[in-house]
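Taken verbatim from TrEMBL:
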- Cys16, Cys18, Cys36, Cys39: Zn(2+) binding site (BINDING)
Amino acid sequence: MKSNIHPDYTQVTVTCACGNTFNVGGTIKDLHVDVCSKCHPFFTGTQKFLDTLGRVDKFIAKRQAASGYIKKGSKKAQEDVTAKSLKEMLEIKKAADTAK
């Protein structure tokens, strides 16, 4: 193997948001995580709600703001509900072509 091309493999201190710290091997010095085996719901058997940076609130606010808008295609879809014959469609196309 070539020398001086591989990273140094050292002890990494992993710090959880709950305050738990432990060491693993890696190529960086420190690692910060949101959940670990001490606080993860799978290991603890309890439910825990994580809202990182208010993403759930941001999503709910965005959905409420968008509920007032009307889709662009909804008005056109309501106008073209009636079925047209082939003759009517050709006349409309011919009128559109002559208007250009």
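Note that Cβ sites are derived from N, Cα and C of the backbone, with glycine treated the same way.
Each of Ala17, Gly19, Asn20, Val33, Asp34, Val35, Ser37, Lys38, His40 belongs to the same chain as Cys16, Cys18, Cys36, Cys39, is absent from that list, and has a C-beta within 8 angstroms of the C-beta centroid marking the Zn(2+) site. Mapped onto three states, the DSSP output places Cys36 (Zn(2+) binding site) in coil. DSSP assigns Cys16 (Zn(2+) binding site) to a strand segment in the three-state reduction. In this structure, the binding-site residues under consideration are Cys16, Cys18, Cys39, and the one with the smallest number of other Cβ atoms within 10 Å of its Cβ is Cys18.
Around the Cβ of Cys36 (Zn(2+) binding site), 17 further Cβ atoms fall within 10 Å across all displayed protein chains.
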